[in-house]
Amino acid sequence: MSSSILNELGWRGLVAQSTDLDALADELRRGPMTVYAGFDPTAPSLHVGHLVPLLVLRRFQRAGHRPIVLAGGATGMIGDPRDIGERTLNEAYTVAEWAERIRGQLERFVEFDDVAKSRNGAIVVNNLEWTSPMSAIEFLRDVGKHFSINLMLDRDTIRRRLNGQGISYTEFSYMLLQANDYAELHQRHGCALQIGGSDQWGNIIAGVRLVRQKLGATVHALTVPLVTAADGAKLGKSTGGGSLWLDPEMTSPYAWYQYFINTSDADVIRYLRWFTFLLPEELVELEQTTVSRPQERAAQRRLATELTVLVHGAAATQAVEHASRALFGQGELARLDEATLATALRETVVAELKPGNPDGIVDLLVASGLSPSRGAARRTIDEGGVLVNNIRIQSEEWTPRTSDFLHGRWLVLRRGKRNIAGIERV
């Protein structure tokens with residue numbers, strides 16, 4: 001077993017912090033390792049930021065190592081301290097439900113071969129399994145005794161909270177719970193490497209120390225960069241202040257695809273390195289195309305396709321690609337099934353057209369928000385910039401016929417090349 005996985009993580013830019021990489025490389029060369037990453041159910045779904053550590057687990061598995069994915073049923077009831085203040089504690093049944101949903105998502109990203117026959121089939125665990133039976137006395141004696149307050153106060157987030165609004169003992173103790181997870185996984189499964197986001201470094205190192213002090217073993221830590229755009233914005237925040245969720249009911253496959261196809265040239269190659277398994281030569285070719293022929297957006301299209309297949313599957317990806325092409329005039333709208341068309345349009349502005357409402361094209365442009373006024377709508381029509389169902393409208397007197405409504409219900413309005421809205425007949 002070679003340490004080539006570390007070389008791959010290096011050229012992909014996926015190592016933010018680590019314990020001694022030479023020592024880790026030596027252990028990787030000695031044989032398969034067991035590697036873990038944990039994910040707290042603080043929401044009903046994982047989001048795009050979780051993909052980077054998840055895919056690093058997958059990269060380790062492809063290199064012959066065994067991944068453990070941990071759903072934080074216990075730690076999710078506490079919440080990792082953050083700068084903006086105390087978290088609202090969720091009910092136990094809510095956390096349990098979210099943990100089950102997230103467990104199902106985690107299982108899609110690693111391979112579950114027969115553990116009895118395979119040396120690197122994935123394991124999924126919930127830390128509630130060992131945390132729940134532990135009494136307060138056991139926790140303080142077996143875990144808390146190994147930590148000094150000075151060490152815990154050294155974490156940046158803790159220090160900032162203490163200098164501001166303060167922090168509860170509940171959140172202050174989160175580090176100990178996560179550290180104990182590492183010790184438990186080392187004892188149960190021989191886990192010797194924890195992976196997480198760079199904001200988890202303090203918690204992960206606490207686990208490394210606990211394993212050394214309590215069990216006398218040397219284990220390793222590696223963090224990946226947090227996912228941000230070139231301007232420093234968190235990935236997905238342009239979706240209206242929320243996250244890009246992996247659950248298709250929270251972020252539709254169409255919205256997911258559109259987000260990544262609109263990635264900036266400054267970010268797209270980095271995201272391809274982080275989120276895909278493309279080889280170096282493929283990435284070089286896409287980077288060269290982005291520089292020489294940026295209008296083709298070849299890298300963006302590849303990124304959107306790869307990530308949508310990864311999260312939503314090939315069939316959903318084919319449907320959203322077809323919908324995307326059709327909405328922007330590069331395919332036949334009539335070939336879209338109604339569910340796909342409706343989902344795509346609901347990611348835009350949809351105006352309702354009720355019986356008796358004005359239905360002229362000028363009225364529809366204003367109602368949909370594509371034009372700020374009737375005068376602006378008329379000017380856009382005169383300039384040839386308005387299309388309905390990809391057919392250019394040449395008269396401001398145009399009104400839709402029954403046969404114009406796709407599936408008897410929908411009109412697709414477009415102003416210019418990229419401004420789209422839907423009209424739904426109700």
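Just so it is clear, glycine is given a Cβ too, placed from its N, Cα and C backbone atoms.
Computed from a predicted structure; not experimentally measured.
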Point to revise | Stretch carrying motif ''KMSKS' region' according to Swiss-Prot (options 29-33, 84-88, 144-148, 234-238) | key: 234-238
Check your understanding: What parts of the chain pack near the motif ''HIGH' region' (41-50), using Cβ distances under 8 Å and only residues at least 6 beyond its ends?
Key -> 71-73, 76, 79, 87, 90, 95, 97-99, 101-102, 105-106, 197, 226-227, 234-236, 243-247, 250
Point to revise | Which of Tyr36, Tyr174, all binding-site residues, has a Cβ with the fewest other Cβ atoms inside 10 Å | key: Tyr174
Exercise for review: Tell me the Cβ contacts of Gln178 (L-tyrosine binding site) under 8 Å, same chain only and six or more apart in sequence, or just say none.
Suggested key: Gly38, Thr75, Asp80, Gln200, Asn203, Ile204, Ala206, Gly207
